[in-house]
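Here is the structure we will look at, set down as structure tokens.
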Amino acid sequence: MKNITILGATGSIGTQTLDVIRKEKEELKLVAISANKSYKKVIEIIKEFKPKYAVLMEENAFKIVEDFCVNSKIDTKVLKGMEGMIYISTLEEINTVVTSVVGMIGLVPTIKAIESGKDIALANKETLVVAGELVISKAKEHNVNILPVDSEHGAIFQCLRGNKKEEVKNIIVTASGGPFRGRKKEELIDIKPEHALKHPKWNMGRKISIDSATLMNKGLEVIEAHFLFGVDYENIKVVVHPQSIVHSMVEYKDGSVIAQMATPDMKLPIQYALNYPNRKESQIEPLDFYKISNLTFEKPDMDTFLPLKLAYEAGKKGGVMPAILNGANEVAVDLFLKGKIEFLQIGDLLQECMNKFYKSMEATLENVISVDKEVREYLGKKYDI
């Protein structure tokens, strides 16, 4: 039996993780959850799974859930804020922490969980993007597995198993291309949030959907792959694959390319991470090769989708530059969703902040938190948010 904590239990990945646990109750036990403010969903989770702990970040939501548990005579202990997230990430009984919160908020709990010897099922891209070197070194120090939950890194992880790192030539990360695949910059001038939120293949949260539309999501995955698999940026390629059947590939120096293929369903990488190193019965629809008409691959347009290009630049620059990129992107996406900036301005703001805030300094926890704060305060004042 593996005991599980889910950080971000009410979001897209968290909800699908619950689906996996629901079907594997003999092997997986939900011990603790966290959420921001979705108290109705948290109450439903508590009713069904009866976790020992639930953490809410927002004060009002915390009080509502706490009152519910007291009045319903449910034993779930309700905690609040970052202290609560760290507490449920470091519980002695926990084997695996699923980090599916979005943004920088997942960084500190993830590091604390690693220091406590917990395996990490990582769905929070930002953690590795802003502090990849620190996270990977701590994982090695504490003999902890970092198990990628997203489909691309989960695919690469599987393609690498049983092979030697020195035999790898290239990692090939596939991208659906998002809702605006094939469009040129002039065709993206009047894009509204409702257009960008309509992903052709995946059902995701709002922030990740916008990142997919700008190809920033793929840029973050490139940086993540660099740290996860120890591969130079020159050897990490992005290929647009609109069918989303091939989830990523590894090219070896002898010319062999190993690909991981599956129906596009996040429950597969979640299930693989939670059960690693074992495989369990499938919870997804199997591939029917007779129904797949074709598989196509295209080169990404980095001039139109500037964030992908900037992610490569930030990764190669290293230090705190990925943290600057990430902080600027989180704010820019929020500004776009609120109608304060245009779609193409997202890339412009990333470029502006990378130029303005870069300092030659090591990506320590203190430094990345500091530069992230600077970027957010600057954009907050600029746009009065």
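Placed from the backbone N, Cα and C atoms, the Cβ positions cover glycine too.
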Of the candidates Glu83, Glu92, Glu221, Glu234, which does Swiss-Prot annotate as part of the Mn(2+) site that also includes Asp150, Glu152?
Glu221
Of Ser100, Ser137, Ser176, which does Swiss-Prot put in the 1-deoxy-D-xylulose 5-phosphate site with Lys125, Ser151, Glu152, His199, Ser212, Asn217, Lys218, Glu221?
Ser176
Swiss-Prot records Thr10, Gly11, Ser12, Ile13, Asn124, Glu126, Gly205 as NADPH-binding residues. Which of Lys37, Lys47, Lys237 is assigned to the same site?
Lys37
Lys37 (NADPH binding site) to Asp150 (Mn(2+) binding site) - Cα separation in whole Å
24
Nearest-integer angstrom distance between the alpha carbons (Cα) of Asn217 (1-deoxy-D-xylulose 5-phosphate binding site) and Glu126 (NADPH binding site):
10
Can you tell me whether DSSP puts Asn217 (1-deoxy-D-xylulose 5-phosphate binding site) in helix, strand or coil?
helix
Cα of Glu152 (1-deoxy-D-xylulose 5-phosphate binding site) to Cα of Gly205 (NADPH binding site), in Å and rounded, measures 17
